[in-house]
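One structure is given here, and the rest of the page talks about it.
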């Protein structure tokens with residue numbers, strides 16, 4: 001057996017330094033003061049930007065909506081009228097209250113339509129099953145659940161329905177199954193469905209009232225400002241490219257390449273966000289400068305053109321890195337003028353959307369783009385072509401010029417899209 005050794009440790013109680021009674025009180029005061037200062041700093045901290053303030057407003061709105069809908073439980077007279085069905089109102093607020101007003105309205109209407117259709121058809125199915133009676137009662141319910149469940153699930157996979165009414169189809173499946181199956185055991189299925197629908201409507205009304213009337217956050221405004229910021233980023237990216245590659249070494253900015261590259265890359269990831277914002281904006285009522293028939297679909301086409309321009313700008317960097325210094329010096333001034341004109345045109349288009357003023361394509365853009373086309377064509381002169389053939393890196397120069405020509409063509413397409421947006425959106429004439 002293994003032997004164990006016990007080591008005795010003598011503790012001299014007299015040497016244990018006991019803290020005086022006053023020290024614990026002082027430490028407690030310091031902790032209280034520290035907590036108070038921390039809480040005060042959090043409360044006094046201002047949001048860094050408008051988006052943080054909107055997050056705070058949305059959080060407060062959701063809290064207020066939950067308090068109002070909870071009154072169905074907290075107040076006795078209201079609880080006696082709705083009973084346990086008040087839980088459906090709370091669930092409705094939690095599920096459909098979204099950040100943007102259009103998203104809340106979209107989800108609320110989808111939930112309402114799905115609940116009404118599912119509840120109505122569920123009541124008919126339950127009534128028919130009760131009329132059949134016996135063993136056929138369960139068979140009728142099973143057949144109804146299969147047909148409507150499979151049919152609604154199939155429709156959810158259709159792209160147009162999935163984009164706008166996917167949530168409504170999901171609620172239809174849920175409500176239909178709950179009503180038709182519970183109708184097997186409940187004698188008063190119509191009253192049950194009516195009470196649940198009433199509480200859902202209460203929750204929906206509270207959400208819509210607070211979302212649309214109390215500091216509303218519009219998806220249309222978010223989409224509009226997001227598009228404008230991308231025009232500004234593209235113009236700054238072109239200017240950053242020009243500073244990086246066509247200025248003297250003493251004046252070049254070290255971080256300009258990373259800056260314009262990161263801005264262009266960020267523009268490439270806006271497609272999903274644009275599609276969701278356009279879908280929400282179409283549900284929103286008339287607000288500010290945006291009417292009921294505002295052409296939100298044009299924002300998707302303009303966003304696609306902006307992404308194409310961002311790809312071309314990123315390709316310019318690779319093409320220029322492959323070109324020779326001799327070519328760079330020979331076309332330096334021409335390239336600087338071309339890029340400056342392109343950046344100016346992008347800024348003007350973005351300013352037109354920002355001010356919601358009509359873009360005069362024939363009067364402003366065409367006179368500016370014609371000289372640019374001439375300058376791009378002038379770059380490919382016999383000397384440049386001969387140099388391209390003699391140097392191995394001439395392919396980079398040819399690709400660079402081709403990218404500039406593609407940018408000019410894409411920018412003209414973008415200008416036409418902006419002009420059409422102004423016509424369809426009722427933009428005012430530029431004074």
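Heads up, the Cβ atoms here are built off N, Cα and C, so glycines get one too.
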Check your understanding: Given the ranges 87-105, 106-124, 239-257, which one is assigned the annotation transmembrane segment in TrEMBL?
Key -> 87-105
Check your understanding: With the ranges 16-35, 36-55, 56-75 to choose from, which does TrEMBL describe as transmembrane segment?
Key -> 56-75
**Study point:** Feature contact check the transmembrane segment (197-220) with the transmembrane segment (87-105), CB under 8 Å, 3 or more pairs
**Key:** yes
Study note, to complete from the structure: Beyond a gap of at least 6 residues from its ends, the CB atoms lying under 8 Å from the transmembrane segment (167-185) belong to 106-107, 109-111, 113-115, 117-119, 121-123, 125-127, 129-130, 137-138, 141, 144-145, 148-149, 152-153, 155-156, 161, 192-193
